[in-house]
């Protein structure tokens, strides 16, 4: 039996990152809404509890509290951001509105030699104070410590940025240790989970495979499953996992909606029919999809339409399978949280995902989402453990709506053709260009990354079609053609991301090739936006 961490979600967009960090420490955890019953908390029997952040205010929303059982169990508790504030309020402290709200990078001074922060620091001040580089996101602040607590961290604008009652194992921080922007955040969470809570690091991917296979078999029984195969990492790993569980009860439906990458259909059929020996039905539905997208410019509507058409195609195929009762999808955690579809339903919706937002309530098939609680890097790890080839597992993510969300505004077949060719050139150049010692010296990559392709050094890269024209000169003639933007990001979890600092020579080659080889394009720009504030996809 694995030790378990209970994460209570108050509605933060990054609650799932807490789970990711706990799992990186090889400790099992589950996320549940903050308003679960006291009986649930006791029956879960956690070794420790973590309280997440929230977009709410502790003194405006008096219902958003942790169950009393959290404080009665006698296990360590870690409060993060809002979790710190509700801990303070519920245990007799004081929270008030801050005159100076903090959103973004901050430097926090550590105090008091607590077990949580002992020997963890990023730098020291000339006065010898240990400092932490962290990520803040709060409008309220703790103004008075609860009885039994001592100060653990502070900033000039947030005098109580961390507090601890070590006798009871209660710790709280105003910043977010779960995000990558907090330099020592992973170390702090490991200290809490392994050191303070005493959890055994014995949860590994092979355990997850066994549990997932058993769960799929229990859910599905002898019924049949259809899965929408896109060729992307998520649907590929979902197909492999489900195929391991139920074999030929799974039928993969590969839908060509006219918005796929170059040569996608050929690659998908070779991989799944040739390698996995899975049942794959190939459907060309490009006319159907493009017809319904004609004249539609709103990105939310495009996603909804693509999701709806996918469902209709699946339902039509399911009718041919007498025992098909399940629709499987490669939905992963970032899809769910960006759609406001976490287990708590409290996260603010950023955009609809075709996997979750596009499904009608009247869907005639039950939904099977075996990757719903996994992050992208976990999905890749799972794929390797399932024996999938590296070229499949480490392929860059591709959204279910395909080029439909990479063509701004109305989707047209000729726009898709232009974008497909530009995107293929960009990816080809990334694959064949290796990082050099000069790149490392310039700070574009780490020294141990020299010799790796820039495709492998980026987490996701693609081209975006902009439906605007600009003036250009080709030879002796004037051109008036379309623009494409190149986008490349680096991230570990896809919840936050940095734009990739690619070598200028590489970007120059991409631009020259695209303009010279793709008739109809005469300008190439590079996107230097991070996430946040931008999302990775443009729509």
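Cβ from N, Cα, C; glycine included.
According to Swiss-Prot, the domain 'Glutamine amidotransferase type-1' annotation covers 4-202. Swiss-Prot lists 81 with the feature active site, nucleophile. Look at Swiss-Prot and you will find 176, 178 tagged as active site, backed by sequence analysis. Residues or ranges marked as domain 'GMPS ATP-PPase' by Swiss-Prot: 203-395. Swiss-Prot lists 230, 231, 232, 233, 234, 235, 236 with the feature ATP binding site.
Distribution of Swiss-Prot features across the structure.
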residue	record	Cβ neighbours (10 Å)
81	active site, nucleophile	26
176	active site	23
178	active site	30
230	ATP binding site	25
231	ATP binding site	21
232	ATP binding site	21
233	ATP binding site	24
234	ATP binding site	24
235	ATP binding site	25
236	ATP binding site	27
Query raised in the report: Over the domain 'GMPS ATP-PPase' (203-395), what is the model's mean pLDDT?
Result: 84
Query - Environment of 230, 231, 232, 233, 234, 235, 236, the listed ATP site - residues of the same chain whose CB lies within 8 A of the CB centroid - result: 229, 237, 238, 330, 395, 398
Query raised in the report: CA-CA, which of the active-site residues 81, 176, 178 lies nearest residue 231 (ATP binding site)?
Result: 178
Query raised in the report: Where residue 234 (ATP binding site) and residue 81 (active site, nucleophile) are concerned, what is their Cα separation in Å, rounded?
Result: 31
Report task. Provide, as an integer number of angstrom, the distance between the C-alpha atoms of the residue listed as 'active site, nucleophile' and residue 178 (active site). Result -> 11
Report task. Please report how many Å separate the Cα atom of residue 235 (ATP binding site) from that of residue 178 (active site), as a whole number. Result -> 27
Query raised in the report: What Cα-Cα separation, expressed in whole Å, is found between residue 236 (ATP binding site) and residue 178 (active site)?
Result: 28
Report task. Round to the nearest Å and give the CA-to-CA distance linking residue 230 (ATP binding site) with residue 176 (active site). Result -> 35
Query raised in the report: At the level of the C-alpha atoms, what whole-angstrom distance separates residue 176 (active site) and residue 233 (ATP binding site)?
Result: 29
